[in-house]
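Q: This is the structure I want to talk about, given as structure tokens.
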């Protein structure tokens, strides 16, 4: 019996390895290899006519320390942090309402619908709303709230607004998953012990859905930090971001090493984010396992 079980486990392991090869090969070709190329390019010299010279150089990383680039990095962080905070603050109550609603399927469908539309179309839709002769200005003028048009477009506020809209589904879905799995009897127990509703929310619910919130933070922060199309189309001179630098260095100035160096910054931040998610999920799994053992012990199972 034991031999049969070992044989079955060995067979399953071989089958898993066989079917895992295509995914592993895809990962190496389309993720690892380009990442290695970018890493190598960041330590090379800029070619006279573009491209790179195969000579080791730290010039790209030294250029990153220039004040003008430092200001753009700080601006990118500012826009990203503000957009992420707004997205999370909107996503938590939205996910909670979805999880407690009888119409979860309908709300999930409404959240997923934007994924079916090209991101450029959605950005252009916002441009038509925020433009000087757009819908928003026309409504405000008809209501006599403004006499002349308000420049809602081509500034930092427009970048933040559109960024929140673009990435809020990525925040709502992981938080909704965490809230949907949450044991709401814990909130009732906290209320019975004298906690107010806000206290039970902040001290019981929020820690209980921490993994979902961390995932939402990462899924929002990383793409906004490297965003290109949103600041390009709805931003102005005061909203030039890191993604715009990378594209300009590749297409206009042809400084590939500098573009690669900035790309490595985004990559490192992405890796740190993934490590945070993995660590959070691991800690949550260990905590659940520990609580299960304690419950079994108290219940006399062990």
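Backbone N, Cα and C define each Cβ position, glycine as well.
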Q: Of the ranges 58-78, 79-99, which one does TrEMBL list as transmembrane segment?
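A: My reading of TrEMBL: the transmembrane segment range is 79-99.
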Q: Looking at 256-278, 279-301, I want to know which stretch TrEMBL calls transmembrane segment.
A: 256-278
Q: Quick one: which of 106-129, 178-201 does TrEMBL have down as transmembrane segment?
A: 106-129
Q: Based on Cβ pairs under 8 Å, which of the stretches 21-44, 79-99, 213-236, 256-278 lies most in contact with the transmembrane segment (149-168)?
A: 213-236
Q: Going through 21-44, 79-99, 106-129, 256-278 one by one, which has the most CB pairs that fall under 8 Å from the transmembrane segment (213-236)?
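A: That would be 79-99.
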Q: Should anything in the same chain at least six residues away from the transmembrane segment (79-99) have a Cβ under 8 Å from its Cβ atoms, list it; otherwise answer none.
A: 107-108, 111, 156, 159-160, 163-164, 167-168, 171-172, 175-176, 178-180, 182, 205-206, 212-213, 216-217, 220-221, 224-225, 231, 239, 241
Q: Same-chain Cβ contacts of the transmembrane segment (21-44) under 8 Å, 6 or more residues past its ends?
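A: Apart from its flanks, the transmembrane segment (21-44) reaches 52-58, 60-61, 256-257, 260-261, 263-264, 267.
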